[in-house]
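Read through the structure below, which is laid out as structure tokens, and then see the notes.
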Amino acid sequence: MTRAELDKSPADVAAMFDSIAARYDLLNDVLSLGEDRQWRRAVVRAVEAYSGELVLDLAAGTGTSSLSFTENGAKVVACDFSQGMLRVGAEQRGGASAQGVTCVVGDALALPFADETFDAVTISFGLRNVQDPEQALRELRRVTKVGGRLVVCEFSHIPVRPVDRIYSGYLMAALPRVARLFTRNTGAYEYLSESIADWPDQPALAARLQRAGWSRVAWRNLTFGVVALHRGYRES
Ligand SMILES: C[S@@+](CC[C@H](N)C(=O)[O-])C[C@H]1O[C@@H](n2cnc3c(N)ncnc32)[C@H](O)[C@@H]1O
């Protein structure tokens, strides 16, 4: 059974996602009771990519989110260090460069792109899995054009503490049991629960974005704060 620990060793994280790639999208729908589709629509609206723009979808996984950014004609680079996840997505879209999405293998901590390449950069459910999130946020800023924007979609915390405790109970107890019905790699879903519980809340993540150099940082909650969308701009 392949799972990562909270030290987020890159080799363990990549191997874990390789091992669950084939069932990744199905499990997302099941475990979120279909809410993931609403979250993804909210990300597409927040990124607001249009024709002529180049978007980086970092930690793109199978690229479920990447394809939606092409709706108004933008081109998308789907970057991830799990070749297994990228491969599953490429097979679904008909190639490693198809339907406006180009897959690139790369590490969030040292992105394989020149400075000021992208009009918009985004990362969904990926930043929590990166060993050094602030370094990833600095790298995202480096490859963004001046005036460009960042949207981070990540699990977060429900601001009402007693409700957040009940939700954490679901995460730790029920989620891995439900996952067991669909996958042998229950360790990956124990890691999911633990990493969400361990992740900073909305103001703390906003502070990280600011420390990494992003300006005009703001966030909004989705599904009562189960997920939060953080936004920032590169101003200089
Ligand atoms: C939970 S999946 C999210 C996939 C996709 N963004 C989505 O919304 O479904 C997290 C992804 O982050 C990738 N990832 C984690 N750390 C990374 C790193 N340092 N560099 C590149 N990708 C990374 C994993 O390989 C995995 O595909």
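Using the three backbone atoms N, Cα and C, a Cβ is placed for every residue, glycine included.
Taken from TrEMBL as is:
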- Thr62, Asp80, Asp107, Ala108, Ser124: S-adenosyl-L-methionine binding site (BINDING)
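Here the features listed in TrEMBL are placed on the structure.
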residue : record                               : contacts (Cβ under 8 Å, 6+ apart)
Thr62   : S-adenosyl-L-methionine binding site : Ala21, Tyr24, Asp25, Met85, Leu86, Val88, Gly89, Gln92
Asp80   : S-adenosyl-L-methionine binding site : Phe17, Leu58, Ala59, Ala60, Gly61, Leu86, Cys103, Val105, Gly106, Gly126
Asp107  : S-adenosyl-L-methionine binding site : Pro10, Phe81
Ala108  : S-adenosyl-L-methionine binding site : Leu58, Ala59, Cys79, Phe81, Ile123, Gly126, Val130, Gln135, Ala136, Glu139, Leu140
Ser124  : S-adenosyl-L-methionine binding site : Trp39, Arg40, Val43, Asp57, Ala59, Ser65, Val152, Cys153, Glu154
